[in-house]
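Chemist: For reference, TrEMBL lists these features for the protein:
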type: DOMAIN; residues: 1-99; note: domain 'Jacalin-type lectin'
type: COMPBIAS; residues: 101-129; note: compositional bias 'Gly residues'
type: REGION; residues: 101-142; note: region 'Disordered'
type: DOMAIN; residues: 135-278; note: domain 'Jacalin-type lectin'
type: COMPBIAS; residues: 280-289; note: compositional bias 'Gly residues'
type: REGION; residues: 280-303; note: region 'Disordered'
type: COMPBIAS; residues: 290-302; note: compositional bias 'Low complexity'
type: DOMAIN; residues: 298-441; note: domain 'Jacalin-type lectin'
type: REGION; residues: 443-506; note: region 'Disordered'
type: COMPBIAS; residues: 446-487; note: compositional bias 'Low complexity'
type: DOMAIN; residues: 487-631; note: domain 'Jacalin-type lectin'
Amino acid sequence: GKVEIREHGTNRGQLKEFSVDYPNDNIVAVGGSYDHIFTYDTTLITSLYFTTSRGFTSPLFGEKTGTDFEFQGENKGKLLGFHGRAGHAIDAIGAYFHTGSQGGQGAGSQGGQGAGSQGGQGGDPGKGGPRPVVPGKMGPLGGAKGNEFDDVGFDGVKKVTVGADEFSVTYIKIEYIKDGKVEIREHGTNRGQLKEFSVDYPNDNIVAVGGSYDHIFTYDTTLIKSLYFTTSRGFTSPLFGEKTGTDFEFQGENRGKLLGFHGRAGYAIDAIGAYFHTGSQGGEGGDPSKGGPKPVVPVKMGPLGGDRGNEFNDVGFDGVKRVAVAADEFSVTYIKIEYVKDGKVEIREHGTSRGQVKEFSVDYPNDNFTAVGGSYDHIFTYDTTLITSLYLTTSRGFTSPLFGEMKGTEFEFKGENGEKLIGFHGRAGHAIDAIGAYFDTGSKPGGDSNSGKGTDSGSSTKDSGKGTDSGSSTQDSGKGSDSGSSTQRLEAQGGKGGNQWDDGGDYDGVTKIHVAVGRGIEQISFEYVKNGQTKEGPARGVRGRRSTIGTFEISHPNEYLISVKGWSDSSNKIAGIQFKTNTKTSKYYGFEKLPGEESTDILLEVKDKKIVGFHGFADSHVNALGAYIAPAAN
């Protein structure tokens, strides 16, 4: 039961490792290659790999040249030891295998771990033992460069975070579940925009992985261009990256759940494949053919609207409690949704808060949203199609005010039998480009169908200046959103590209801003205060040798930051920026915009709110800036 270590050869070059879930899984084959190395005038082992009783295969260690070989024990006997010759390298190798037992999963439940017992967990099917569950390995597909990775031995996948830049998928971070605990694996290099997709594990599981790969002439190699994931409940993630080149999709047999990824990665994701569970369905509940409950698959409708902006996909929630919508003279610009999950409120925001903000809420769970409607139209000012209006209807018959202006093509989403709304999906950037909805098919929406009971406690609208009804409200707060007391996140504005960063919004205020100006805003950093303690945030961007540093100081707590204005140029970098507090305005850092110059304006400001934190994107320069805001009264 104790670990003993043996080492052979000389530690040089790149180290990689491969482990098994011993004693539940064992190595049952050792393979590789050997070749004559003219540099040393001798024959050496040039590569090695290992295969386990559960069907996992290690990455290839070394380069497969010369003569191939593979050792396997009889009856899949487990590996017990190595022998061979070694000095400055591994000259020769051999293996010992157990001859009295299978190396796989299961047998020893009757014989223990003694010398005569079977050495696994999984048994001989011919003798009535359980069959080992061997995961379905698919792929990898993509390019041949980068280092191999192989995530094996996990029970499922809870969350996936993907980074993508203008060329390819650059990074993937996976939260695996192993014996009820989360284990994280990361591959590639964190660059570009980060997005994440999570499932309600173990009630929902990823059952398909798709995307595309293409030859990237800039790097002269093939890389993964895009990825998406589908779950057993029918949810589909947003598309990570851009779908160009050759499409692919991996699915396990019988909707087996995703257990792990394998592939190749370095500065980007070169190739990807997947492991799926072959012993059970990946969905929720039991097997319908055996009388178990059928998994609840939500109805997905839409999206309708334009094709620009970034995809969003709000999945895994129990219902919707409140919606706040902003609209300007052109379109719906912003939507904030208060979802309910396991009795707690979770907030999602999409678009950029501009124009008048109104909100509409329901007496959840007694009343639920059951329909979403509105309109979309081509906006010639922006030469794109946007959502121009939205409204919502509840199970008790209440209808929200119209958010925006009804013009263009009208639409309405609603479940066939009055099912409740459980999520939105669509596309958004500086406005809401497209929108769709998810409706729950597993239950009817809550609420007494007799609207004569408690109609005043249902959904309503009000003028916040009058402060009357205690239900939901519509209010004009300039460029902000609802007037709740919690911190609110304003999406980053400016240019595209750069690496995502986030200082967080759990502060009382901003006390100093340091700006490095060269060819635009090269670097920025902030100092915050929390409970009287100052915290210095990291510098974002790269300061050039010829840049100049400017510092803007704020006398907290009587003075607080209320506005950030600036612009980004055609190179997607912030060219100029200015800060304003409740008592003064900073000098202008960088270059002021010339009339007619191609640019994207930046304005982080909400009436009666102060800025308490920042986030954004930066690389060699500062690309974009977003903020966290809180009530100024705090």
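Cβ atoms are placed via backbone N, Cα and C, with glycine included.
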Chemist: Counting by DSSP, what is the helix, strand and coil composition of the domain 'Jacalin-type lectin' (298-441)?
Modeler: 0 helix, 91 strand, 53 coil
Chemist: Looking at the domain 'Jacalin-type lectin' (298-441) alone, can you tell me the average pLDDT?
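Modeler: That region's mean pLDDT is 90.
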Chemist: With DSSP, how much of the domain 'Jacalin-type lectin' (1-99) is helix, how much strand and how much coil, in residues?
Modeler: 3 helix, 47 strand, 49 coil
